[in-house]
Amino acid sequence: MSTVTFDQISEHEQVMFCNDPHTGLKAIIAIHNTTLGPALGGCRMLPYKSEEEALTDVLRLSKGMTYKCVAADVDFGGGKAVIIGDPRKDKTPELFRAFGQFVQSLNGRFYTGTDMGTTPEDFVQAYKETSFIVGLPEEYGGNGDSSVTTAFGVMQGLRAVSQFLWGTDVLTERVFAVQGLGKVGFKVAEGLLKEGANVYVTDVDPETIAKLEEKAYQYPGHVQAVTADDIYGVGADVFVPCAIGGIINDETIERLKVKAVCGAANNQLLEDRHGKVLQAKNILYAPDYIVNAGGLIQVSDELYGPNKARVLKKTRALYDTLFEIFQSAEKKAVSTVEAANQFVEERLQKRARLNSFFSPDNPPKWRVRR
């Protein structure tokens with residue numbers, strides 16, 4: 001790995017490298033911005049090809065979490081953690097307990113939980129070493145599976161798109177192309193079928209597709225499976241990416257026949273400039289870090305004490321935030337990416353006048369779990 005310089009982390013407050021030879025833990029924790037409160041972000045476990053690749057990922061993701069926290073109006077800043085390893089064979093309870101010790105050493109400047117390659121059960125182990133864990137199973141005081149709330153937030157985003165483009169938030173008989181049927185994507189596709197929409201789907205797992213096709217018989221909507229490559233070119237109203245990031249790029253934009261892009265995947269645009277490219281093609285883009293903020297809202301809300309009704313109320317407000325950004329972009333003749341980023345930066349600047357970063361010596365008033 002090349003030497004880490006301050007230039008690489010110039011936008012971040014703190015980057016922590018975690019190494020425990022006894023358990024094999026190699027992890028990086030990045031804290032981007034704590035203006036709003038302590039950093040919050042999931043921990044993913046992936047077999048990165050190099051430490052450099054892991055660092056690039058955690059820096060990018062932690063910055064995205066700052067924007068997501070601001071847009072979701074939660075009292076947290078942006079952070080992220082990555083564990084270098086194959087989740088299929090490198091996981092042990094001891095590894096996650098070691099990770100929990102490193103989180104504890106930050107003394108409340110960073111809260112974490114599940115992400116790609118990790119599960120709530122993994123963080124039950126980390127919770128034995130630190131209280132700064134969110135997204136725990138219900139039996140441990142958490143709100144349970146956050147994918148339910150994330151999918152609910154995506155549905156609110158799709159309704160906001162529909163209202164802005166077609167003057168109604170009713171999704172019946174609209175056509176959607178859902179890419180990825182993971183924990184969130186499956187629930188979104190099922191929700192659309194319940195609404196009476198027509199849904200194209202693709203996923204790497206044929207069994208998951210078959211499961212959705214079987215469920216579709218119960219609902220008024222219709223589902224049709226297509227290949228991973230064909231999903232970009234189907235005749236749909238909205239493209240709904242719910243898998244990997246970077247899938248909106250020069251090549252795929254040319255193939256899209258939709259009026260909007262709105263989905264759960266993180267970092268959907270390969271580059272920010274692709275927001276302008278979508279705008280030039282009259283394709284409305286719903287910024288992903290707002291659309292998929294339901295899960296964040298749920299796990300952050302745990303610190304007030306679990307309350308599912310309150311979580312749904314907060315998540316429902318994503319509709320209004322997105323609609324405001326759509327209107328702002330139209331009025332200013334800018335892309336929705338630019339409008340959303342302006343929205344976030346303005347809110348951060350207002351809060352920065354009150355406090356510039358979070359210190360555990362001045363704990364937030366909402367902290368109820370110690």
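Here the Cβ of each residue, glycine as well, is placed from N, Cα and C on the backbone.
What Swiss-Prot records for R44, D115, S146, T150, 180-186, 203-204, 243-244, 264-266 is NAD(+) binding site, and it gives similarity to another entry as the kind of evidence. Per Swiss-Prot, L-phenylalanine binding site is recorded for K68, T114, D115, N266. Per Swiss-Prot, the feature active site, proton donor/acceptor maps to K80; the stated evidence is similarity to another entry.
Feature map: Swiss-Prot annotations on the structure.
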residue	record	DSSP class
R44	NAD(+) binding site	strand
K80	active site, proton donor/acceptor	strand
T114	L-phenylalanine binding site	strand
T150	NAD(+) binding site	helix
G182	NAD(+) binding site	coil
V204	NAD(+) binding site	coil
A264	NAD(+) binding site	coil
D115 (L-phenylalanine binding site) and G182 (NAD(+) binding site), Cα-Cα, nearest whole angstrom: 13
Fewest other C-beta atoms within 10 angstroms, as judged across R44, K68, which are the binding-site residues: R44
Beyond the site residues K68, T114, D115, N266: chain residues whose C-beta lies within 8 Å of the centroid, for L-phenylalanine: G41, G42, R44, L61, M65, K80, M116, G295, L296
A264 (NAD(+) binding site) and K68 (L-phenylalanine binding site), distance between Cα atoms, whole Å: 13
Most distant Cα pair in Å, residues K68, T114, D115, N266 binding L-phenylalanine: 16
Same chain, 6+ residues apart, C-beta under 8 Å of the C-beta of D115 (L-phenylalanine binding site), given in sequence order: G41, G42, C43, R44, K80
Rounded inter-Cα distance in Å - T150 (NAD(+) binding site), N266 (L-phenylalanine binding site): 12
Count of other CB atoms lying within 10 Å of the CB belonging to T114 (L-phenylalanine binding site): 24
Pairwise CA distance, G185 (NAD(+) binding site) versus N266 (L-phenylalanine binding site), rounded so that it is a whole Å: 12
T114 (L-phenylalanine binding site) and A264 (NAD(+) binding site), Cα-Cα, nearest whole angstrom: 16
Rounded Cα-Cα span from V204 (NAD(+) binding site) to N266 (L-phenylalanine binding site), Å: 18
